[in-house]
Amino acid sequence: MGSSSGCRSKMGTTKPLGIQLFECVRGGPLSFRSSQALVLILTFLSYASYHATRKTTSIVKSVLDPKTANVGMLHWPSNLYLQHLNKAENNNTAIHNGWAPFNGDGGTALLGEIDLAFLGVYAIGMFFAGHLGDRVDLRILLTIGMVGTGLFTAAFGAGYWFNIHSFYYFLGVQMIAGLFQSSGWPSVVAVVGNWFGKSKRGLIMGIWNAHTSVGNISGSLIAAAMLKFGWCWSFAVPGAMIALVGIAVFLFLPVGPEVIGIEEDRRVKDSEKDDMDAPLLEKRQSDARDEAVGFIQAWRIPGVAPFALCLFFCKLVAYTFLYWLPFYLSHTAIGGEYLSDSAAGVLSTLFDVGGVVGGILAGHISDRLDARALTAASFTFSAIPALFFYRIYGSVSLAWNVALMFLTGVLVNGPYALITTAVSADLGTHSSLNGNSRALATVTAIIDGTGSIGAAVGPLLTGYISAKSWSGVFTMLMASALIAGLLLSRLVVAEISAKMESRRAADHASDLPVSSLEEA
């Protein structure tokens, strides 16, 4: 459909009301560059707010169950660690008493079950959300997901106001929240993928993927700041924030260039535009299919299965750090001293800062080399010695811990960010689809949904292994990084072979006489 359709795209997507109003006031349409900037800002805020609400529970755990200090997924024999906890910070009576049913002997196990249920529903829901995302208006799907997440995040906190002590209430609320959250990632990646061409996609999405770390850090700070008013506010405030951002998405987010009617202008100026402005998929023929790709068909796209399985192990490592790093820092002597819970929480954010750098660096390198698999595999293999040295030398001094934690964050989160963004967008517009543009959300959901299962498994295993040995946990993480890299080995060989063949062809062409080239 061309621009003559005005406010409606080929998928029936209407132009957002906020953009219509802005164009009426402005007296003209948004430019392509302005639209790209708007898409980046709105999707960045969207997923940062998703992660902010997701991070809240790890902060509030120690309030619901005073024996728990930033625990991740499973029951811990708390008597082994109470000697190290800094109780001077717990001035609030609610912090001392906890909240039934989580303040009993099995409280930590109940919190672990809630985490596991959330991530399990999130991972399963991701597959369905991606399938749905290629068939409906992504703006509406994203708005529903964000507003629903906000409501059920606040509903968890409402248990405090309404004096609810039923475990099944909190379990049900978290499961529904996980279902709503599953619609977020396939939607935002598909929207960004619709707006940006391939040549600089890795760098742009690497920078854009900082929303994960920004959301984790802001969620931690907001939840911690609200605790003094009651743990309910640690859920209510992030819940209200994501709902407000969801309304902004509904009013202003254009899911693709055709929605704001600039597709025809871009075709006219085709000779002037660079690859950044080039649409991800040009129609190869007038009758090219534009039907949504099926789930099984998406799995068969070359590269989807190995990258999805690779992300399983990448997220296993990354989420183990997300759920357990503050606890590990507060219970490991660094320079002969133990950090307080708050200090450990603040220090752990450096891992996320490293993740921002890693995502940008991996995206930039993969763009320059035009080799996604080679870049991802290089990072995962490099993460193995980084994990080893962090475990061995991270306790020597605070400076060593900071430096090695930052480096580990770079190498662990680099391939994680690359696969969930640029790789997903690349595969969602693979040449095997013959111009079909309706696979982005499905492919993204398959890859990140598989990775999310690993995100649940890693912290789960850590709960068992760490009770015996933290060295065992790091051995598991190093083995996971090794497997992640090996899963990409065939793709790496294919990329290297293709580049060598291309170089040989170029060298052969340069060796031909000028007359031969002219005749050709």
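Even glycines carry a Cβ here, placed using N, Cα and C.
Keep in mind that this is a model prediction, so the values were computed, not measured.
The feature domain 'Major facilitator superfamily (MFS) profile' is assigned by TrEMBL to 41-497.
Annotated transmembrane segment per TrEMBL: 109-128 (among others), in sequence order.
Residues or ranges marked as transmembrane segment in TrEMBL: 140-162 (among others).
TrEMBL lists 168-196 (among others) with the feature transmembrane segment.
Feature annotation from TrEMBL assigns transmembrane segment to 208-227 (among others).
Sequence-distant contacts of the transmembrane segment (233-253) (same chain, at least 6 residues past either end, Cβ-Cβ under 8 Å): 16-19, 22, 38-39, 42-43, 45-46, 49-50, 52-53, 56, 59-60, 139-140, 142-143, 145-147, 149-158, 191, 219, 222-224, 226-227. Annotation comment: TrEMBL describes 233-253 (among others) as transmembrane segment.
TrEMBL lists 304-324 (among others) with the feature transmembrane segment. Nonlocal intrachain contacts for the transmembrane segment (304-324), taken as residues 6+ away from its ends with a CB within less than 8 angstroms of a stretch CB, comprise 58, 71-73, 115, 216, 298, 351, 355, 373, 376, 380, 383, 387, 408-409, 412-413, 415-416, 419-420, 423-424, 427, 443, 446-448, 450-459, 462, 466, 473, 477, 480-481, 483-485, 487-488, 490-491.
Among the features that TrEMBL reports, transmembrane segment is placed at 344-362 (among others).
Tertiary proximity for the transmembrane segment (374-393) is limited to same-chain residues at least six positions away from its ends with a CB under 8 Å from its CB atoms, namely 202, 307, 310, 313-314, 317, 358, 362, 365-366, 400-401, 404-405, 407-408, 411-412, 414-415, 418-419, 423, 470-471, 474, 477-478, 481-482, 484-485, 488-489, 492, 495-496. Per TrEMBL, the feature transmembrane segment maps to 374-393 (among others).
Residues 202, 205-206, 209, 212-213, 307, 310-311, 314-315, 317-318, 321, 329, 334, 347-348, 350-359, 361-363, 366, 372, 375-377, 379-380, 382-383, 386-387, 389-390, 393, 447, 451, 481, 484 of the same chain lie 6 or more positions beyond the ends of the transmembrane segment (399-419) yet place their CB under 8 Å from a CB of it. Taken from TrEMBL, the feature transmembrane segment covers 399-419 (among others).
Marked as transmembrane segment by TrEMBL: 439-461 (among others).
As annotated by TrEMBL, transmembrane segment applies to 473-493 (among others).
Note on the domain 'Major facilitator superfamily (MFS) profile' (41-497): mean pLDDT across this stretch is 80.
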